[in-house]
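If you check TrEMBL, you get these features:
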- A:31-48: transmembrane segment (TRANSMEM)
- A:68-89: transmembrane segment (TRANSMEM)
- A:117-136: transmembrane segment (TRANSMEM)
- A:198-216: transmembrane segment (TRANSMEM)
- A:247-266: transmembrane segment (TRANSMEM)
- A:278-309: transmembrane segment (TRANSMEM)
- A:321-340: transmembrane segment (TRANSMEM)
Ligand SMILES: Nc1ncnc2c1ncn2[C@@H]1O[C@H](COP(=O)(O)OP(=O)(O)O)[C@@H](O)[C@H]1O
Ligand SMILES: [Mg+2]
C-alpha cells in the first residue's frame, strides 16, 4: 500500500506537471486539447480494443459499453448531484436513491404505466418532479442539523422505495416495464441491443450537468454553499440566507439524481422497487467521498471507480462487496479527503498543529 | 371485530412491541454512546450486533453442544441448566461483541483520528495484503498465506504513516464506518457458519406463557427480553454516572479537548465507550435470538437503521432517550402494522421520526451526554 | 459622532435556563462613534452581540436598529439591515480562500441567485466583479491582501483576526461589532489594530468594540459601557468610567487575564 501510495504520488506529480504545462499553452492549443479529450470520451466504447492497454479497462463478463452506460454514467451523474448536497453544502443525505427512484418512476409512469408520452417529454418532467420532491422533503427537514438530517433522508429513501413496492398505481413489486426510449436521431438508434447511443446520450448529459454545476460553483451560490458547509452559523451571520441556499442545494441535487434515474429508466426499459435499495444510497455517498467530496473531478472519479472497478475485477466476484468495504476503510485511513481532494490549488501545509486544533481560541 | 378482540390485539401488540423495542433500545445505546463521545454515526455498530447473534449461535452449538433441532423436538433445557446456559450464551455474545467493537474502533476509526497504533496498522496491513492477493488468486487458503506474508512489510509502512497523525474530516469517519460495516457483514456471509442463508438458533428456552395480563398471554421470552433490557440499561446508567470511567465518558462527551487538558485519557475513554456499546449490542443479540430464533449475515443493516432511528427519536447522546426511543419505535411499528398493514411498518416508523423531529429537533429528551452547540 | 441613535438595546434580559447572562441591560449606540464594551470575563459582552445579531432571542426587551425593531428578524436579515460582527473565537470559513471569505460577506448585498448564475447574466457578472473588487479592497485596507488566495486556515493568527473584520466590513454594515479583535495580539499589533479601527470609524462606520485591555479601550473609544455579571454598572466617557468606583471594584475583583 505504501508502494501504491508512492505510485499515486508519482502519478499525482505527473498530473501536476501536465497541469503546469497545460497552463503554459496557448488558447488554441488548449481548446484543441479539450476537443481531443472530449472526442476520446465519446470513443470510450472502443477503448478495450486499443492494443496494449485495452485490457486495463476492459470488463470481463459484461460488455464494456453496457458498463459505461448502466454503471459509469449513472454513478457519475449521481455523484455529481450528491456532491452538491454533501460535498458543497455539507448536508449529509443518506437517502439520495430516493430522488434517483423518483426520476425513474416519473418516466415509467408517464411513458408506460399511465400515459404514453415520449421519453424526451417525460425527461424534463422527471427532473422537475424530482426537484419538487427535493423541495418538499427539504422544507421541513433542512432546519435539522447534520446527523438528524442524515437519518431523516435515509428514512425518505426507504419511504419512496416502500411506497413504490406497495402502491399498485406504481406497479407495486412487479415494477414498470416497457418504458419509453429516447427518440432515435438519424443513425442513432436507441434500441435494446446496442448500448452505445445511450452512453453517448448519457455522456452528453454529464457534460451538461458539469457545465451547469461549474457555473453555480463559481458564483455567489457556490460560495454560499461552501460557507454553509464550513460554518453554518457564521454564514448566516454574514448575511447568507442559509435556509434558501440549503434548499436550493437539495433541489439541484435532487434534479440531477432524477435526471440519472430518468436516463436509467429509458435505457433499461424496466424498473422495479428492487432497483432502488437503501444500500444504493450508501454506495452513492461512498462514491462521492471516495473520489473527493466537494470537488467535482473528485466526485466524477469516485463515481467511475465505484461503478467500474467491480466490473473490472471479476475473478473474485463472490468477494467483491467484501473488497469494496475493506477498500473504503483503507482509502479513508490513508486518503481521508478522497482520491482527489478539493482545492489542490493552495498551499496545504499546517493541516493540524500538535494538539490537533488549528487555532487557539 | 368484537371489542374484546380489538383490545386483546392491542395488548398483544403492546407486549411484542415492547420486546422488539427492547432490542432496538439496547442497540441504540451503542449508537448513542459513540455518538455522544465522538459525534460519529457508528454505522458498523449494527454488524457488531449481527456478530453477537452469531456468537450466541456458536456458543450454543459448539461450546454447549446443543443440537440445532432434533426431529422437531426442541432441545429444551430447564431449571438451573437453563439459567446457566442462557447466562453463558449471554456472556459469550457480550464478550465477542465487546471485543469486536473495540477492534473496530482500533482499525477503522482510530487511524482517522490521527492516532493509529500498531494493532490497527497490522490489521489494516493484513486486509490490504488480502485484497491485493485476491487480484491474482481467489482461493481462501492461498489468500490467507499471501496476507500473512504481506502483513509485515506493509504494516511497517503503515505504522510510519500513522506517525504523521493526520486527522480526517468527519465524512471520512462515516465512510470508513460504512466500509467496515459492509466488510464485516460480507465476511460473515462468505465464511460464516451458514454462509448467506438464514439460520435457526437452537431453542433451549421453552416459550411458555408466563402469565396473563389484560387478556393477553405474556410469554416468558418477552418478559426476559424486556426485563433484561431494563437491567442492562440500569447497569449502564449506573456505570456512566457513578464510576470514574463513566465520569470520563461524560467529560469527553461534553468537550473532548477540555477533558484532555484536564487529564482524562481520551483514547481510553473511547475504547471504554466502544466496549460498552459492543457489550450492549451483544446482549441485544442474545436476547434477539432468544425471541426470534434466527439470524443472518445481513440482519444488521435494517435493524441498525431502526435502532439509530430509535436513538435519534429519543435524543441521541441520551441514554434514557435510547430506551424511550426504542420502546416508542417498537410500539409504533407494531400498532402501525396492525392499522395500515405490515408492509407500511417502516414508512410509519420514519414518518413518526420526522414528525417528532419537526416538533423537537433534537429528539424527545434532547441531547444529553453532549450538549447542543449554538 | 452625532446624536442620532443607531442602535437601541432596550432593557434586554437574557436567560439560559437558570443562568441570567444579561439582566435589564440598556445601551444606546450613536451613529459614528466607537463604543467600548468592557467587563470581566463572563460579564455578558458576547451575549450582547449574540442578542443584537439574532443568535439568541432575548428573554425580554427589544433591539431597535435605525428606528425599527430587529428583535424578531432572522440572523441574515439583521446582517442585511446593517449590523455585522466578528467572533471572539475565530470562525472563518476555513477551507475557503481569504478573498472568498470576504466575498461571502460582500454577497450579502447582492441578489443574483441560481438562475442568474446558471445563465451568467450581465448583472450577475457585474455583481461578481463588484464583490471581488470590493473584497480585494478590504483585504488591502486590513493589510492582508498579500495572502488573498490562501485558504483561511493556512493564514497566521493575526491575519485571521483581520480577515474576520474584512469579512464583516464587506457586508456594508452601518454598525460593526468587534468581539475582542485584539485577543492574543502583542502591544505592537494592538497598536496597529487600534489605528485600523480608527480608520474604519473615519470611513463612516459606527463601531461597537469589546475589548479586554483597558488601555486599548480607553484610548480609542468615544464612550465606554461596562458590564458586570450581566448588569450595566457604568457608562460614559472613558475618563469618567476609569474613575468609577464600581468599575474599579469589578476589575480589581477579577484578575485581568488578557493583559
Ligand atoms: N448558550 C449559552 N448557554 C448557557 N449559558 C451561556 C450561553 N452563552 C453564554 N452563557 C453564559 O452567559 C454568561 C456571559 O457569557 P459571555 O457573554 O460569553 O461573557 P463575556 O463577557 O466574557 O463575553 C456566562 O456566564 C456564560 O456562561
Ligand atoms: Mg466574550
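We count from 1, first residue shown onward.
Just so it is clear, glycine is given a Cβ too, placed from its N, Cα and C backbone atoms.
Listed stretches A:68-89, A:198-216, A:247-266, A:321-340 were compared with the transmembrane segment (A:278-309); the greatest number of C-beta pairs under 8 angstroms is found for A:68-89. Counting Cβ pairs closer than 8 Å and at least 6 residues apart in sequence, the transmembrane segment (A:247-266) and the transmembrane segment (A:117-136) reach three or more and so form a contact. Away from its own ends, the transmembrane segment (A:117-136) comes close to residues 98-99, 102-104, 106-107, 110-111, 179-183, 247, 250-255, 257-259, 261-262, 266 of its chain (Cβ-Cβ under 8 Å, at least six residues beyond either end).
Residues 38, 41-42, 44-45, 65, 68-69, 73-74, 76-77, 80-81, 84, 182, 188, 190, 222, 252, 256, 259, 263, 266-267, 296, 300 of the same chain sit 6 or more residues outside the transmembrane segment (A:198-216) yet have a Cβ under 8 Å from a Cβ within it.
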